[in-house]
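These notes are about the structure you will find just below.
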Amino acid sequence: MDIEERINLVLKKPTEEVLTVENLRHLFEIGAPLQHYIGFEISGYIHLGTGLMAGAKIADFQKAGIKTRVFLADWHSWINDKLGGDLEVIQEVALKYFKVGMEKSIEVMGGDPKKVEFVLASEILEKGDYWQTVIDISKNVTLSRVMRSITIMGRQMGEAIDFAKLIYPMMQVADIFYQGVTIAHAGMDQRKAHVIAIEVAQKLRYHPIVHEGEKLKPVAVHHHLLLGLQEPPKWPIESEEEFKEIKAQMKMSKSKPYSAVFIHDSPEEIRQKLRKAFCPAREVRYNPVLDWVEYIIFREEPTEFTVHRPAKFGGDVTYTTFEELKRDFAEGKLHPLDLKNAVAEYLINLLEPIRRYFEKHPEPLELMRSVKITR
């Protein structure tokens, strides 16, 4: 596989942004060690926006010959008040539920979970020189920049927060350098931390990423955030500015169960959630069901996706590209209910191996039902 083919795998859906493609090409060309990482807070159940979007990209990175790592951010979750802010509970959930759920998600998206290294944050944070790296980074970042970066925790600028939360962005940047990560991966909502990492990379004294004497900047790969299924707070959306603002607010959320499908959901739960989903006829600009079709079903094109309909409504129709389906929907040739039903059946089939695993091994879900899920 040549360099351009490897770059195309990194750029493949659901990737929305690579900072920068030129730097990625440079890392391939000089033969730098390619170490990927994606970090997760440990909170509630894993939904498709976490499991499938991250799992899909991990599969792509593996195909491109990049070492993959999932970072279980227990301390970060504690700082951000997840699972009642109980560090021991967070660690138990990380190892007994989250790790297993991500392994299964990676597998259904075509990756090899056995080739993914899972690292608990506390394994490295308890080493003294980690904090040296945090301070080194902090000396190169202004307080106002840190304040603007708290949105990576799902917090609003201006929100009353405890001081520990100001340390969080610097820890997230330190995680990259301390682990020798050359490819930092996350959803688009983590962009601010990754931009800081790129900007400070060549200023660091402790744990810079060095290859043959060259201080390297990490590459940041940001995947699409799946939209939640709920109706936006304002509809219709009139201006482009409103559209961007609402789209950023309406990502899938585990705290809004009907906005999300979870990886262990039963067939009936999936059908029910899709049936209630916001999916206005002919609306292709803001439509969560179409969003899922584009980034889950048509991640690879061409692919065959069949919508089953009674003969009196036109009979079955098979699409091979997202644009074909989108055009039919915009023209009113594809009814929202038919699309919802087809997406539900696709997801039921895709998630079947995960569902079967948790039916045979109920302990992780029993653990989740016993803990206090906050935020």
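Backbone N, Cα and C atoms are what each Cβ position is placed from, and that goes for glycine too.
Per Swiss-Prot, the feature L-tyrosine binding site maps to Tyr37, Tyr168, Gln172, Asp175, Gln190; the stated evidence is experimental evidence.
The number of other Cβ atoms within 10 Å of the Cβ belonging to Lys254 (ATP binding site), over all protein chains shown, comes to 17. What Swiss-Prot records for Lys254 is ATP binding site.
If one looks beyond the motif ''KMSKS' region' (251-255) by at least 6 residues along the same chain, the residues whose Cβ comes under 8 Å of a Cβ in the stretch are 43-45, 47-49, 187, 189, 225-229, 262, 373, 375. The annotation motif ''KMSKS' region' is assigned in Swiss-Prot to 251-255.
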Query = Distance between Asp175 (L-tyrosine binding site) and Lys254 (ATP binding site) at the Cα atoms, whole Å?
reply = 25
Ask   = Per DSSP, to which secondary structure element type does Gln190 (L-tyrosine binding site) belong, with helix, strand and coil as the options?
value = helix
Request  = Check each residue in the chain of Tyr37 (L-tyrosine binding site) that is at least six apart in sequence and keep those whose C-beta is under 8 Å from its C-beta; list them in sequence order.
outcome  = Arg69, Val70, Phe71, Asp175, Ile176, Gln179, Val181, Ile183, Ala184, His185
Query = How many other Cβ atoms are found within 10 Å of the Cβ atom of Asp175 (L-tyrosine binding site), counting all protein chains shown?
reply = 26
Task = Could you state the whole-number distance in Å separating the C-alpha atoms of Gln190 (L-tyrosine binding site) and Lys254 (ATP binding site)?
result = 17
Ask   = Given the model, what does the mean pLDDT over the motif ''KMSKS' region' (251-255) come out as?
value = 77
Message = Taking only the residues the record lists as binding L-tyrosine, namely Tyr37, Tyr168, Gln172, Asp175, Gln190, what is the largest Cα to Cα distance between any two of them, in Å to the nearest whole number?
response = 17
